[in-house]
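Annotation source TrEMBL lists domain 'Glucose-methanol-choline oxidoreductase N-terminal' at 285-299. The active site, proton donor annotation in TrEMBL covers 533. What TrEMBL records for 576 is active site, proton acceptor.
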C-alpha cells in the first residue's frame with residue numbers, strides 16, 4: 001500500500017542537469033515557484049528547470065488538512081532557524097520556518113486564502129507602483145482560484161487551479177462569536193474575498209482544500225504528478241539542490257546561469273552549473289531570495305565587502321525593509337466540544353481519523369480557523385472599545401468601510417482559534433490571536449557568511465516603532481472586550497479568562513477597562529510571536545527609493561533576472577500572504593511571456 005503514503009515524482013539531482021541549458025531557470029520550490037513553473041511550461045517550446053532545496057515529499061498523511069498544519073514547527077518537511085537576539089527584547093530570538101518540500105509554505109500553512117481589501121493594492125500603487133493597483137491585480141486573483149464555495153459570485157474565479165471551499169465543520173461556538181462581533185459593531189460577512197465587502201468585519205474564511213478533502217498546496221494545484229509527467233523534458237524538477245550563486249556577465253547586466261549543489265546527497269556533493277538561455281527567476285522567499293542575490297554580488301556594497309564577495313551591483317535595498325505579521329493571544333475557557341483540543345483524547349482522535357478516512361469529514365478535514373476579523377485601530381471608540389462606522393481618521397466625510405481606500409486597510413486581524421497555548425488536557429479553550437498586520441517596524445536580512453548552506457541572519461526588530469505599541473495596546477483591549485461581550489451572549493459555559501494581560505486566570509476578574517499599558521506591554525513581550533508572513537526584502541520600488549525590482553519584477557540593471565515571491569511586496573498586506581504571492585507569480589509568468597513572444 002505504498003501508494004497510500006507517497007507519490008513518486010521524476011526528481012533530478014544536480015549532476016543530472018550539470019552543463020545543460022534551459023530557457024528558464026526558476027530558483028526556489030515554494031508557492032510562487034510551483035505556479036511559475038507550471039505557467040511557463042505550458043508552452044511546448046519552452047524548457048523550464050525548477051531548483052528546489054527540498055525534495056517533493058508528497059505523502060498521504062501530510063495531505064490531511066489539519067495534520068499538515070505545522071504551526072508547532074515539527075515535521076519532516078520543516079527546517080527551523082532562529083532570528084538574531086534582540087537586546088530591546090531582553091535578547092530573545094524568534095523562530096522561523098523553512099519548508100523543505102516542493103510547494104513551500106502551502107505544504108504546512110493554515111490553509112486560509114485571503115486576498116485582502118482592495119485598498120492593499122491601491123496602497124502599493126500609491127507607493128509608485130501604478131501597475132499593481134487593485135484593478136490590475138484582481139484578474140490574477142480570479143485566475144488563481146476555483147472558488148467552489150462561491151459558485152455564482154461574479155467577482156470570484158471558477159476556472160483556476162486552486163480549489164477553495166469553506167470549513168465543512170462549524171463549531172457550536174461560532175454563532176456566539178458572530179453575535180458578539182455584532183455587539184462590537186463589526187459587520188459579519190460570509191466572503192472576505194468579495195472586493196465589495198466592507199474594509200472591516202468578521203469574515204468566514206476560504207480554505208485551500210480540494211474537492212476530495214485534501215490540502216491543496218501549490219504542488220497539488222499547479223504541479224500535480226500528472227502534469228509533471230505529461231510535460232516530460234520541458235519541465236525538470238531538480239530537488240535536494242541549493243543554488244549557490246548566480247553567474248553574471250562582465251557588465252553585470254545579465255545572468256548567464258546558476259551554480260548549484262546537491263546538499264542532501266553527499267556522494268554527489270560537487271558544484272554544478274546550469275545555463276539560462278532566456279531568464280533566471282529567483283523564488284526563494286523573503287529570507288532566502290536576498291541571500292542568493294548577496295551571495296551573487298548583488299546587494300549592499302559594504303556588507304558584501306565584509307564577506308569578501310566580489311561586487312556585481314551595489315543595491316542597498318537587498319535584505320532591507322523586512323516586514324512580518326506578529327501576534328499574541330487573548331484566550332478563554334470554552335466547552336471541550338468547541339475546541340480542537342478534544343483530539344488529544346485517544347478515542348476522539350481515532351474517531352475523527354476514521355471520519356476523515358471514510359467520509360473526509362470531522363476535525364481533521366478542517367483548517368483550524370474559520371472566522372477572522374479585520375479592523376483599523378483608528379476607528380475604535382476608546383470609551384466603548386467598539387468600532388465607529390463612517391468616522392474616517394483623515395476626513396470625517398469619507399466612509400471608513402470603503403474597501404478601495406488605502407487609508408482603510410486594516411492594521412489588526414483577530415484570528416479566532418479553537419485552541420490555545422498552555423492548556424490542560426480534557427478542557428476546552430479558544431483564543432483571539434491578536435495580530436498586527438500593518439506594522440511600522442522594519443527588520444533586515446544579512447549574510448551570516450559566504451557559505452550558501454548557512455542560514456542568513458534575520459533581524460526582526462518587532463514593535464520598535466512607538467506606533468506599533470499604540471496599535472498593539474488598543475488591539476489587546478479590543479480583544480479583551482470581545483471576550484467580555486462574548487460572555488454576554490447565551491453561550492452555555494462560563495468563559496473564564498485563560499491568558500490575557502492583567503487578569504486572574506480561571507475567573508472573570510479583570511478586563512479591558514482595568515488593564516494598564518504596563519500590563520499589556522509586559523504580556524506582549526512575553527507572548528509575542530511572528531505568524532510567518534514575512535515580506536519585502538527585495539522590495540518593488542525605484543532605484544532612488546532603494547527598491548530592488550521594478551514593476552515588471554526585473555532586478556534593477558539586469559536584462560533577464562527577476563524575483564517573484566513575497567519578498568517583492570512594496571508593503572506587507574493586511575491579508576495572509578499566500579494569495580498575493582500566487583498573484584505575483586501569475587503576473588510574473590505573463591510578464592515573461594509578453595517579453596519573449598516576439599523574440600522566440
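Heads up, the Cβ atoms here are built off N, Cα and C, so glycines get one too.
Note that TrEMBL annotation is computational and uncurated.
For the active-site residues listed here (533, 576), the lowest count of other CB atoms within 10 A around the CB belongs to 533. Residue 533 (active site, proton donor) and the residue listed as 'active site, proton acceptor' have their C-alpha atoms 7 Å apart, to the nearest angstrom. Reduced to three states, the DSSP call for residue 576 (active site, proton acceptor) is coil.
For the domain 'Glucose-methanol-choline oxidoreductase N-terminal' (285-299), the number of residues in each DSSP class (helix H, G, I; strand E, B; coil) is 7 helix, 2 strand, 6 coil. In the three-state DSSP scheme, residue 533 (active site, proton donor) falls into the coil class.
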